[in-house]
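A.B. asks: Supplied in structure tokens, the structure appears directly below.
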Amino acid sequence: MEGLRLPTLPAHHCSTLTALSLRLALFFPEGNECISANAKYCGECIQAGAKCGWCKDPFLKQGETVSTRCDEIQSLRNKGCAEDMIENPRGDQTVLRDKAVTNRDITQIQPQKISLTLRSGEPQSFTLKFKRAEDYPIDLYYLMDLSYSMKDDLENVKNLGTHLMLEMSKITSDFRIGFGSFVEKTVMPYISTTPAKLLNPCTGDQNCTSPFSYKNVLRLTSDGKKFNTLVGQQHISGNLDSPEGGFDAIMQVAVCGDLIGWRNVTRLLVFSTDAGFHFAGDGKLGGIVLPNDGKCHMENNIYTMSHYYDYPSIAHLVQKLSDNNIQTIFAVTEEFQPVYKELKNLIPKSAVGTLSANSSNVINLIIDAYNSLSSEVILENSKLPEGVSIAYTARCKNGVVNEGENGRKCSNISIGDEVAFNISITKHCHFGNGTFECGACKCNEGRVGRQCECSSNDVATEDMDRTCRKDNGTDICSNNGDCVCGTCECKKRENPEERYSGQFCQCDNFNCDRSNNKLCGGHGRCECRVCICDYPWTGSACDCSLDNSTCMASNKQICNGRGICECGTCKCTDPKFQGPTCETCPTCPGVCTEHKECVQCRTFGTGEKKDTCDEDPDKLPQPTDATYPVMHCKERDANDCWFYYTYAVNNNTEKEVHVVETLDCPAGPDIIPIVAGVVAGIVLIGLALLLIWKLLMIIHDRREFAKFEKEKMNAKWDTQDNPIYKSPINQFQNPSYGRKAAAL
């Protein structure tokens with residue numbers, strides 16, 4: 001259904017309300033709602049309820065109030081009010097387009113367009129028919145994972161175009177097919193691999209293309225041979241982790257309708273992979289913190305913002321797929337069936353099929369999934385205006401009736417089957433306590449709330465305030481608003497550009513970080529006190545540029561592969577390296593040796609390059625009085641002479657060398673042979689003296705040993721008595737022993 005139009009009431013009615021200013025009393029309090037409204041004028045009475053009318057006849061008796069004119073229709077008649085004097089406008093509906101549905105027609109619903117005039121409390125109902133048509137056009141876009149594990153699958157998909165065209169011709173004569181591929185985000189500043197690894201991420205002699213996020217290889221076409229040709233030119237790529245960046249690709253396929261070539265027909269997206277998926281939040285692993293904006297960012301058929309925006313969330317994908325009426329078929333291997341079946345439960349109008357190890361069954365998988373999806377019809381409506389409600393009742397095949405949330409759908413529908421949906425639309429403000437004017441409820445005196453649901457006497461009660469405190473805190477509406485009927489109404493600022501927002505008025509758009517005295521550095525917008533930066537800026541104040549051109553080295557690497565680019569400046573991860581692109585390492589071994597031959601050639605005319613030195617007449621640059629680091633070098637030439645020079649890289653990344661032009665040689669070249677001979681003679685004499693000393697020591701040792709043997713033979717003591725033995729026992733005698741004792 002193309003849409004509903006809600007016009008104003010006819011001019012002759014006393015109501016002065018606009019198209020959405022009708023009042024509904026869906027729930028009535030006890031008693032007569034018309035009298036309870038205490039209406040003072042016609043419009044207020046009409047909106048008090050569907051049964052209410054206003055008598056224009058001056059029948060009032062003395063002492064009766066004006067509100068007596070407002071009553072139920074039959075009561076007004078009983079009071080004597082003439083029928084033609086009762087103001088009682090009714091809702092109405094007008095069918096604007098009502099083409100009948102047939103078996104072979106692109107139109108499958110009837111009516112196609114309807115206009116409703118709503119009165120409060122009076123639902124407007126109509127019946128919508130759906131008939132599944134034969135030969136309905138189909139657009140199918142094949143989105144394939146081209147990581148290395150899908151190598152054998154690609155070989156089978158290369159001939160998919162003509163084969164699938166043949167099979168789909170049995171279902172529809174109007175079929176188009178397209179192709180896209182994905183691998184993973186490539187966040188260059190955070191990749192520590194070599195350039196060769198980026199150009200060919202596969203191992204061994206495998207020929208792989210460099211990694212990419214998403215490419216639209218072929219927009220939707222009816223030329224199956226073109227599909228085979230372009231897909232046949234594709235190459236497998238590589239990735240560092242198992243989950244892939246397929247959600248980025250799905251988002252771009254959904255929102256880049258003109259680029260893909262979607263028509264207003266059945267739209268099928270086949271998502272083929274043998275791995276899991278990254279989703280919102282995983283981008284932080286590569287330093288990406290900005291949420292996906294759900295917009296098309298394709299240049300030359302390549303997604304260009306994968307390094308800037310995070311992966312989309314599942315809810316975000318559901319919204320975009322639904323908005324663009326795309327039905328998704330997940331063709332995945334057996335290993336990941338549980339994961340994608342859970343995903344299917346979250347994405348309406350989607351199906352999951354088991355992909356064989358080499359994708360040989362992909363055509364049967366697509367046909368089965370299409371039949372499953374096309375056999376079910378689900379009605380959806382856009383966001384309704386506040387105060388408007390809609391209810392569905394489905395009358396499906398075999399007399400099945402679905403109500404409530406299931407009233408939106410019917411299943412098991414075959415070609416030619418017809419089902420019907422009863423749709424009821426109502427407008428209201430709560431309990432007849434206000435009128436719906438200009439898209440909002442205008443509450444009666446003493447009533448408050450978005451739908452006039454609360455009494456003003458209850459506004460300041462403790463129970464009402466409790467729902468206005470964030471996290472059970474003490475501040476009501478974060479001190480930035482008032483709690484009205486349990487809901488925060490945020491204060492207004494003097495500056496109309498500044499405003500509070502949020503359930504508890506906890507957010508604002510003027511308290512974000514500043515840079516150069518500008519909110520968000522002038523490069524973004526402030527949402528809930530957090531800067532949402534424009535491309536290519538990031539940081540808490542959007543003062544950090546993501547442009548890495550200033551970090552690009554001459555070898556086309558970011559920071560020479562030795563650091564990361566932060567805010568346009570290289571941050572070298574290895575402290576030994578320095579320079580604007582981490583290109584120099586003054587303290588590294590080999591830096592002096594690297595420039596040795598150049599110094600010899602330029603300064604002394606020696607070395608291996610002395611014969612080609614004149615081919616490059618530039619002189620060695622000399623250092624200036626600067627503060628950059630200087631390395632002192634000492635090298636030796638072929639004549640054992642030392643030469644000295646300094647090496648540095650100035651602030652303009654230019655190499656500077658200063659050479660001491662005097663060689664440091666140990667002796668003149670004429671006496672070198674003499675010195676060598678003397679040294680050789682000294683060495684020979686030393687060896688001779690060493691041999692003589694060794695011989696004398698041997699003779700001395702032999703003489704001493706012979707003397708020892710001779711003395712041992714001449715020994716005369718008893719072998720049982722040790723000549724050096726001394727007894728440890730001593731004897732002593734008392735000098736008084738044997739004498740008589742003296743008499744006392």
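Glycine residues also receive a Cβ, built from the backbone N, Cα and C atoms like all the rest.
Got these off TrEMBL a minute ago, pasting:
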- Cys45-Cys81: disulfide bond (DISULFID)
- Cys202-Cys208: disulfide bond (DISULFID)
- Cys256-Cys296: disulfide bond (DISULFID)
- Cys443-Cys452: disulfide bond (DISULFID)
- Cys485-Cys520: disulfide bond (DISULFID)
- Cys526-Cys531: disulfide bond (DISULFID)
- Cys528-Cys559: disulfide bond (DISULFID)
- Cys544-Cys551: disulfide bond (DISULFID)
- Cys565-Cys570: disulfide bond (DISULFID)
- Cys567-Cys613: disulfide bond (DISULFID)
- Cys572-Cys582: disulfide bond (DISULFID)
- Cys592-Cys601: disulfide bond (DISULFID)
- 42-454: domain 'Integrin beta subunit VWA' (DOMAIN)
- 592-670: domain 'Integrin beta subunit tail' (DOMAIN)
- 694-740: domain 'Integrin beta subunit cytoplasmic' (DOMAIN)
- 671-693: transmembrane segment (TRANSMEM)
A.B. asks: Compare the Cα of Cys572 (disulfide bond) against each of the disulfide-bonded residues Cys208, Cys528, Cys551, Cys613 and report the nearest.
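C.D. replies: Out of the listed candidates, the nearest Cα belongs to Cys551.
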A.B. asks: Measuring Cα to Cα, tell me the gap between Cys81 (disulfide bond) and Cys256 (disulfide bond) in whole angstrom.
C.D. replies: 63
A.B. asks: Select the closest residue to Cys256 (disulfide bond) from the following disulfide-bonded residues, measuring between CA atoms: Cys452, Cys528, Cys551, Cys559.
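C.D. replies: That would be Cys528, the closest of Cys452, Cys528, Cys551, Cys559 to Cys256 (disulfide bond).
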A.B. asks: To which of the disulfide-bonded residues Cys296, Cys551, Cys601 does the lowest count of other Cβ atoms within 10 Å belong?
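C.D. replies: The disulfide-bonded residues Cys296, Cys551, Cys601 were compared, and Cys296 has the fewest Cβ atoms within 10 Å.
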A.B. asks: For Cys544 (disulfide bond), what is the tally of other C-beta atoms lying within 10 angstroms of its C-beta?
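C.D. replies: Excluding its own Cβ, Cys544 (disulfide bond) sees 18 Cβ atoms within 10 Å.
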A.B. asks: Whole-number Å only: compute the distance from the Cα of Cys551 (disulfide bond) to the Cα of Cys531 (disulfide bond).
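C.D. replies: Here the two Cα atoms lie 25 Å apart.
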A.B. asks: Name the one residue among Cys208, Cys296, Cys485, Cys592 whose Cα is closest in three-dimensional space to that of Cys567 (disulfide bond); these are the disulfide-bonded residues.
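C.D. replies: Going through Cys208, Cys296, Cys485, Cys592 one by one, the Cα closest to that of Cys567 (disulfide bond) is Cys296.
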A.B. asks: Checking your reading of the structure: which of the disulfide-bonded residues Cys208, Cys485, Cys531, Cys559, Cys582, Cys601 lie inside a 10 Å Cα sphere centred on Cys613 (disulfide bond)?
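C.D. replies: Cα filter at 10 Å returns Cys601.
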A.B. asks: Quick one: Cα separation, Cys592 (disulfide bond) versus Cys452 (disulfide bond), in Å?
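C.D. replies: Cα to Cα, Cys592 (disulfide bond) and Cys452 (disulfide bond) are separated by 84 Å.
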A.B. asks: Cα within 10 Å of Cys526 (disulfide bond): which of the disulfide-bonded residues Cys443, Cys452, Cys485, Cys520, Cys544, Cys565 qualify?
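C.D. replies: Matched disulfide-bonded residues: Cys520, sequence order.
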A.B. asks: For Cys256 (disulfide bond), just count the other CB atoms lying within 10 A of its CB, please.
C.D. replies: 21
A.B. asks: Going by C-alpha positions, which of the disulfide-bonded residues (Cys45, Cys528, Cys544, Cys559, Cys582) is nearest Cys443 (disulfide bond)?
C.D. replies: Cys45
A.B. asks: To the nearest Å, how far is the Cα of Cys520 (disulfide bond) from the Cα of Cys565 (disulfide bond)?
C.D. replies: 21
A.B. asks: Of Cys452, Cys485, Cys528, Cys559, which disulfide-bonded residues come within 10 Å of Cys565 (disulfide bond), going by C-alpha to C-alpha distance?
C.D. replies: Cys559
A.B. asks: Could you list the residues of the same chain, at least six apart in sequence, whose Cβ is under 8 A from the Cβ of Cys531 (disulfide bond)?
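C.D. replies: Listed in sequence order: Cys512, Asp513, Leu519, Cys520, Gly521, Gly524, Arg525, Gly539, Ser540, Ala541, Cys542.
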A.B. asks: 10 Å Cβ neighbour count around Cys582 (disulfide bond)?
C.D. replies: 24
A.B. asks: Around Cys559 (disulfide bond), which of the listed disulfide-bonded residues (Cys208, Cys296, Cys452, Cys601) come within 10 Å, judging by Cα atoms?
C.D. replies: none
